[in-house]
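Colleague: One structure coming up, written as structure tokens, with questions to follow.
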Amino acid sequence: MAQQANVGELLAMLDSPMLGVRDDVTAVFKENLNSDRGPMLVNTLVDYYLETSSQPALHILTTLQEPHDKHLLDRINEYVGKAATRLSILSLLGHVIRLQPSWKHKLSQAPLLPSLLKCLKMDTDVVVLTTGVLVLITMLPMIPQSGKQHLLDFFDIFGRLSSWCLKKPGHVAEVYLVHLHASVYALFHRLYGMYPCNFVSFLRSHYSMKENLETFEEVVKPMMEHVRIHPELVTGSKDHELDPRRWKRLETHDVVIECAKISLDPTEASYEDGYSVSHQISARFPHRSADVTTSPYADTQNSYGCATSTPYSTSRLMLLNMPGQLPQTLSSPSTRLITEPPQATLWSPSMVCGMTTPPTSPGNVPPDLSHPYSKVFGTTAGGKGTPLGTPATSPPPAPLCHSDDYVHISLPQATVTPPRKEERMDSARPCLHRQHHLLNDRGSEEPPGSKGSVTLSDLPGFLGDLASEEDSIEKDKEEAAISRELSEITTAEAEPVVPRGGFDSPFYRDSLPGSQRKTHSAASSSQGASVNPEPLHSSLDKLGPDTPKQAFTPIDLPCGSADESPAGDRECQTSLETSIFTPSPCKIPPPTRVGFGSGQPPPYDHLFEVALPKTAHHFVIRKTEELLKKAKGNTEEDGVPSTSPMEVLDRLIQQGADAHSKELNKLPLPSKSVDWTHFGGSPPSDEIRTLRDQLLLLHNQLLYERFKRQQHALRNRRLLRKVIKAAALEEHNAAMKDQLKLQEKDIQMWKVSLQKEQARYNQLQEQRDTMVTKLHSQIRQLQHDREEFYNQSQELQTKLEDCRNMIAELRIELKKANNKVCHTELLLSQVSQKLSNSESVQQQMEFLNRQLLVLGEVNELYLEQLQNKHSDTTKEVEMMKAAYRKELEKNRSHVLQQTQRLDTSQKRILELESHLAKKDHLLLEQKKYLEDVKLQARGQLQAAESRYEAQKRITQVFELEILDLYGRLEKDGLLKKLEEEKAEAAEAAEERLDCCNDGCSDSMVGHNEEASGHNGETKTPRPSSARGSSGSRGGGGSSSSSSELSTPEKPPHQRAGPFSSRWETTMGEASASIPTTVGSLPSSKSFLGMKARELFRNKSESQCDEDGMTSSLSESLKTELGKDLGVEAKIPLNLDGPHPSPPTPDSVGQLHIMDYNETHHEHS
């Protein structure tokens, strides 16, 4: 809501009378549009414009950029569908597209175009239809490719509106149809120029029906009389003219010019590409003037005798002078005004209506407008001057006003100064003879001595060389003679041709009824005295020798009547008859005209004045008399071409201006603002609305004319640039020709020097030949010497190769010897390692033998104690036996598993040995391959092998050193543990001996106490022992890391699996609880002895066979063997004694670890 309120405040400030505030608000709107991409702001501006017709809002909307173009087109499309806002929104659309925004190509795909076409098909409001048609005509050159989708819609609109021009509905005012007819005429030109094949096909099919035949005869056929045959009708086809590739090379102004080229109507036609109007045409038509006291040569600029087209119009020349004063640019005899040939200039309605305040314009106004225009063309002060460049090569004028401004400067009525002498009019050049005459208060004419003329002569550089001075003087005399002959002729006014009726006939004839002539004559009689009418000579001027050849059929002007204006005709009447032929923006005093009928001289007429100058003079006089007779006698018999709808519109505007000025003249001067209606009082509302609609239609038509003029100016600027480039290229070519001449001179000089050099070269060649023969003989001698030296070098080379081969063989033998030495060193190190392992095994074996002796003594001691026990312990013994049996079964299963593991380990050993053999074989092959490679690599491989052997020896020494250190650490730890266990066992034995002296009752009590105590003692170190065993196994990874590096076998605890770990746990606990001070060595025939030997032998053999086993692995095997032997020593202890003695408390305390429940708990 705050944003909407802010936008409302900005809109209120948009039409502020303060220019600074208005500019700031406009800048804020543009910034918001750049930052906000939503449609809200655009919709608000469109609504505001429709409500207020604000010009700042219109300026913002016409300068919108992407992506707001879609929002604008959508909003316009929305309002086009509403009848109340259709007219104003179409006017907004016209303003937008006339500026040709960068997104104009999107119009063909926007939904607005179908809506516009639908509106033109369905709407019945003439103002809306006329505005829409002008918008469509303006839009078509921008989106020519849209014809492929909407071509039939364009044709339907033309058919509908052309029928309206004839069969008008009852609710439509007749005056509106003039504007509609002019719009339909422009649409006809656009469709015929862009799509001729399809359009002619439509006309053929549509107007072949009987109901449309009258429309064709009255409306369409007169339009077709004003166009040429389009070249596409001969060379093109329907599909070709709709092909998008046809339009890719054309811009908007190119399309407009292409459409104008095929028009014969001077208001629509273009005179480019070598086309020039024939000099005879202007003799058939009247020329307009602005005052009755004119000189007979005041309107020579209206002749069609000029051939080339300048890129700008005199209507854009602004003369800065005050009323009542004659500007220096007009009075100076050395001044030449920039002008345009009449075929490129149009009569402006603002000249007739008296509009002195045209709309403002954007564009840059040149700072200096009062300088003489002769400076632009480089003319001199006297008579005829040669400009520096043709109008085609002169720079384009800066836009003095807005493109729709029709500059009008009212000159005060003062005394006329007739021309000082007859100036030659060369119809092949764009010349302008202007005499600006000032009328005095009485309207009298000054004496002829004060005549002055201003001449603009174009440079004929692109047309040919100038005629000689004598020919020019002779032609001036002939021209003066013709002018004097014509000045003696007085003509009477011919009877006018009465038209069919009012505006119901769109193409009525050129002349007006006699009553209208009389009315205009009476109305103009109060403005000044009349002068004797003098005919114009410019239309019969001779064509120069450099007249360009006509490229097209000349344009037949639409008002070629034989009527004459009476001597007292006022300005508006003369302008009414020749409305489209006055190029000047100023009101110039008009001459009375002489019509020469519709007859034309033959096209070869101008050749006579070149070949036979004197004969041509008499021929022109005779031809003039014949034309005058024909004009007097056969005025009504001549067929007058139909009037263009544009001229009809111009005449309507002129008649409105006449009526307005007539009513104002009836009123006294102080009351010019009084209501001008015929009956007095306020005009009716319908008349006000009609006038407002007419004003709107006229404004739309002027905007369309502005658009056309913009396109022509753009085209002219392009052509001007091309002409400037052509002139520059010609100058460049001339400079290149001069350079070519200089270079040819240089070439001649170089040729002479070349001959001298060739002679010198021949001498040098002879000298060179003699020198070459001498050098050849020397070369042959040197080649012979070189061959001898080459043979000697070959012999030395062969000797060198033999020496190199011997050295290579000796190096190979040396490498083999080194390999053998390294191999023997490796074998020696392995043997030394095995020897050290065997020594450590022997030491372990001695230690185990000692342990076995100790355990045997302990066993005998236990047997004696059991024999000495009472017989009351039978139940306990039975339970223990049962437990021992179960434990024996478990141990047997463990033994079986151990044997299975042993078998698998043996198989694994065999597999590893086979792998080792394969590896040895591969190593041998690789050694052979390496030897071959060494032969090729030579020095580099030898150095690499030496480094490799040295590194290998170092790593072997380091590994042996590391393994030795790990073995020492493990031995030291094991010895310390054994010493601690021996000390504990000795203390326990002494305690048990003390307890044996007590009684039976005391022994039972002590037995229970010690059992509980030993349970606590054995349970407490159990976690530590478990931690120690697991730590030795887990941390044994660190101690046995070297063995893992040297052999691929897994550690013993990883190979054994869960059974081995459980076995080691139980054995570790059992060995920890068994005293080591008592017992004897088991016999070799007992189960324990055999099992111990088998295990020891297997372990030792596998340890000796595995080359990669280290000392840490041997130590781990020793500890496991000790544990196994400790457990197996207990098993036959219980089995060999079939008559156990009653256990002592010490024995009970020592055997509690074998309890079934406890062992079962530990295994679980």
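Yeah, the Cβs are placed from backbone N, Cα and C, and that goes for glycine too.
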Colleague: Looking at S102, S487, S671, S1071, which one is marked phosphoserine in Swiss-Prot?
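Modeller: Looking at Swiss-Prot, the phosphoserine feature maps to S487.
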Colleague: Looking at the candidate ranges 349-382, 1131-1164, report the one that Swiss-Prot labels region 'Disordered'.
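Modeller: It is 1131-1164 that Swiss-Prot annotates as region 'Disordered'.
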Colleague: For the feature phosphoserine in Swiss-Prot, which residue out of S270, S575, S579, S1100 does the record point to?
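Modeller: So the answer, going by Swiss-Prot, is S1100.
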Colleague: Of the residues S237, S511, S1003, give the one that Swiss-Prot describes as phosphoserine.
Modeller: S511
Colleague: Annotation phosphoserine in Swiss-Prot: match it to one of S521, S530, S838, please.
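Modeller: Cross-referencing S521, S530, S838 with Swiss-Prot, phosphoserine lands on S521.
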Colleague: Test of understanding: give the count of other CB atoms lying within 10 angstroms of the CB of K30 (ubiquitin cross-link).
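Modeller: Counting Cβ neighbours of K30 (ubiquitin cross-link) within 10 Å gives 14.
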